[in-house]
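Each remark here refers to the structure printed beneath this line.
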Amino acid sequence: MISHEHPISIYWNDCSKSEQKKLLTRPINNKLNDIYINVKNILTKVYNEGDRALFKFNFDFDNVQTTQLQIPTEIIMNSGRNLSNEIKQAIHTAMTNITRFHQAQCYSEIIVETLPGVYCQQIIRPLNIVGLYVPGGTAPLLSTVMMLGVPARIAKCKRVILCSPPPIPDVIIYTAQLCGIDEIYQIGGSQSIAAMGFGTESIPKVDKIFGPGNIWVTEAKRQINLAPNGAAIDMLAGPSEILIIADNTANPIFIAADLLSQSEHGPDSHAILITPYSCIAEKTKKELHKQLKILPRNDIVRNVLLNSRMIITNNLMECFSISNSYAPEHLIIQIENASDYLHYITNAGSIFLGNWSPETAGDYASGPNHVLPTYGRAVATSGLGVIDFQKRMSVQQLTQNGLLQLSSTITTLTQIEQLKAHEYAITHRINYIKEQNEHSLLG
């Protein structure tokens, strides 16, 4: 049972360096080795047995007897029949905002003449076949369909498939259809990642796999990414996390609501409040317990709060420094004139400024993607975007004059690196040009 002392308020500057480091350390799953072995066995079975293994896993894991994996076109076309206008309008509004934001991300192709006669281009091409994974659970995660399907459509991927555990709710199928996805397969978990990574009789092998999932799905993505005949992946997502920076103008009701909203994602979620004001921490703590009573999933949230932190600092600058070290998936800055402090933030998956920007808005409908780096990976990686569904290719074209101008530079560098064949690739051409010029003069 969680006491009213939790989460415990901790004064940052009263802690040693090792204690400070421990405060920002994410929970570690002690069952990783067992999961690794079990996932490896699932992947091997799918690789060897294809669809037959998938049908068996559907029965074993989801207690569903399937005779076909692909959702028929007729079901896709009729998926919105039993959905209310209110639901359809909410999906439409969210998709409009997500589309608007992601369309603005599109990169322009470039061409640069680095020297006279040396033309360099960068061109963009969509990925050919991509696989989207949408987790199952107690409620349909249609927001994930939009966050994956919209950028895939904008990127103009040639073929997009979607996998989700059976039975797939109509609202998931309907949302996928709106995203232009007409290949939907009823298979979930590690086995769906294996199917997309290796390919089976029914499910095509994809170039890249996208989407969040539990620790089994994440481990499957990791193994598929490392397999020589596997597929690329978007990222390895860990448990969800939120960090809130608050000053004395912040509303404890809002802070508590945001901490709780993130905590209900699962028992491994991480929630941290950092503030220079102990009174804000205490008021938030009281509000947490008040709001906790009305939540239907409060057992999960209670466990998360046991491992949550309320860190008291000397000033706001210290808050920013701690946040950058932690590199949260979601960062909420509930301080006065929050946008004035944005330049102090260097590491975060997604940032929410001010009292009126709850993390929930980003989860569903404001526009940016909610597939974000976790476990501190925001120090080097970004949230999902259109570019993740595309690839950049460089193009170079040199004229004779361009090669002549660049040849001495190239040959000098090849000689330093002692790569003689590289040097000859230049000198043979230069000699040919000189011979042609001599013949022209003689002719």
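Including glycine, each Cβ sits where the backbone N, Cα and C put it.
As recorded in Swiss-Prot, the features of this protein are as follows:
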- Y133, Q191, N214: NAD(+) binding site (BINDING)
- S240, Q262, H265, H330, D363, E417, H422: substrate binding site (BINDING)
- Q262, H265, D363, H422: Zn(2+) binding site (BINDING)
- E329: active site, proton acceptor (ACT_SITE)
- H330: active site, proton acceptor (ACT_SITE)
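Structural mapping of features recorded in Swiss-Prot.
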residue: Y133; record: NAD(+) binding site; Cβ within 10 Å: 27
residue: Q191; record: NAD(+) binding site; Cβ within 10 Å: 28
residue: N214; record: NAD(+) binding site; Cβ within 10 Å: 18
residue: S240; record: substrate binding site; Cβ within 10 Å: 24
residue: Q262; record: substrate binding site; Cβ within 10 Å: 28
residue: H265; record: substrate binding site; Cβ within 10 Å: 20
residue: E329; record: active site, proton acceptor; Cβ within 10 Å: 28
residue: H330; record: substrate binding site; Cβ within 10 Å: 25
residue: E417; record: substrate binding site; Cβ within 10 Å: 9
residue: H422; record: substrate binding site; Cβ within 10 Å: 14
Among Y133, Q191, N214, which are recorded as binding-site residues, the nearest neighbour of H330 (substrate binding site) by Cα: N214
Assigned conformation of H330 (substrate binding site) - DSSP reduced to three states: strand
NAD(+) site shell beyond Y133, Q191, N214, criterion: Cβ within 8 Å of Cβ centroid: P135, C163, P165, G188, G189, S190, S192, I193, G213, W216, V217, A220
Using Cα positions only, nearest of the binding-site residues to E329 (active site, proton acceptor) (Q191, S240, H265): S240
Long-range Cβ environment of D363 (substrate binding site), under 8 Å and at least 6 residues apart: S143, H370
DSSP three-state assignment (helix, strand or coil) for Y133 (NAD(+) binding site): strand
Euclidean distance between Cα atoms of N214 (NAD(+) binding site) and Q262 (substrate binding site), Å: 16
By Cα-Cα distance, the member of binding-site residues Y133, Q191, N214 nearest H265 (substrate binding site): N214
